[in-house]
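Following: one structure in structure tokens, then a few remarks.
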């Protein structure tokens, strides 16, 4: 029998699908990535094609193996991590989606959320799912599909349709329709899962008109869910052994497995998570209570603050504003000036997430004067990412009563030294950047590897977390507080705009 030398992480993100292959020392030996189409049918609507998600994800695995000359029988297992909340409904008989995937960023269900609030469900949702009633989560997206796609509700009630977040869709495709599962971390992001009883919430399913027959079975984040045949019929059978939503996978990859440990991922959005162990902390400051992974992949509680626009605001500078040739250029231009010249950029392009939860706020640039140039705008955009992180961290520390000694960071934007230093300054906290910043993939690989015995224990993995750099805070307290006060004023401007806004303005 061939020695199983490798573990695979499939990392299905908002803009691309990736496959990462790791060896026993948790070194990345091969990877492949493919971007896929972003679909914007109307203002504030965001969709993906589920078949394109599957095609790009499956092809990256084949490419990653081929790049390194690795045979499928050398793989010990596969872990999956995914963009969360993004909603797919498909026909289990044909295997075809009934509609495009509705992406977590999509705001089309704001009116459904307002209706549920009017029916008095806001407190019930918070107390039982840990979430706020917001279009961000899966529940209202499922309802929208059933209400708006011809024949969908009838087929759902006849037991023909299945719902899944992206992990569920991938596992279903990889097992050729044999396995319909999700894990606790992804289930906790649907606004349909009771995090007190750890089961689907029948009251919420009934309130949204979603048949329970559509829902996947919920399992731990580290166990064997099924096998996939690599190479088609008669190919090598590889266990699918780990699933976690991208942010919980990153928390695990950073080895934040004990209460009080926290990380921030700077991806499309920014996501700050703090593990609270077996204690469910209910936020009084606009944060979410969600499920994460304990040391063995068992469900644990966490506090989360979600910022919708992180790295995506740098992409906006590049793609829409044409101020950058490449996202990596933002650091160079930001450091060409010694301040943002009084400018604040609030990137509320799809509303504001934690701790504000304002679906109607919109992007705002304030403080413009005649002396402001493009470098100031670029710098202010990067600073806006850091300020949003402070908004969340302040709320998190207030809820938990824990003052963080440091913040562990990961994601594409952490390569930006200006952003990381400014983050440390605005938080007055050490920022720790790991040597391997692919911690989302690491987390999925670790969960799968532990389930199949590729690694023996969490202790074996703790030693693999090597720091690349520690950023120390520089700013004095008076300067820090003055600048943050300006940010809070800018946030108010973004929110007041929505209060004054009329749909006729866009005609």
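Just so you know, glycine gets a Cβ as well, placed from its N, Cα and C.
Cross-referencing 265, 268, 364, 369 with the ADP binding residues that Swiss-Prot gives (14, 18, 311, 412, 416) picks out 268. Binding of glycerol is attributed by Swiss-Prot to 84, 85, 246, 247, and the same site annotation extends, among 40, 124, 136, to 136.
Listed in sequence order, 84, 265, 271, 273, 304, 440 are the same-chain residues six or more apart from residue 247 (glycerol binding site) with CB atoms under 8 A from its CB. The shortest Cα-Cα distance from residue 16 (ATP binding site) to any of the binding-site residues (85, 246, 416) is found for 246. Those residues noted as binding ATP (14, 15, 16, 268, 311, 315, 412) have their most widely separated CA atoms at a distance of 14 Å. Across the binding-site residues listed here (136, 315), the residue whose Cβ sits among the most other Cβ atoms within 10 Å is 136. A helical conformation is recorded for residue 315 (ATP binding site) in the three-state DSSP classification. The two recorded residues, residue 15 (ATP binding site) and residue 85 (sn-glycerol 3-phosphate binding site), have Cα atoms 14 Å apart. Straight-line distance linking the Cα atoms of residue 18 (ADP binding site) and residue 268 (ATP binding site), rounded to a whole number, equals 15 Å. Of all residue pairs in 84, 85, 136, 246, 247, the annotated binders of glycerol, the farthest apart have Cα atoms separated by 15 Å.
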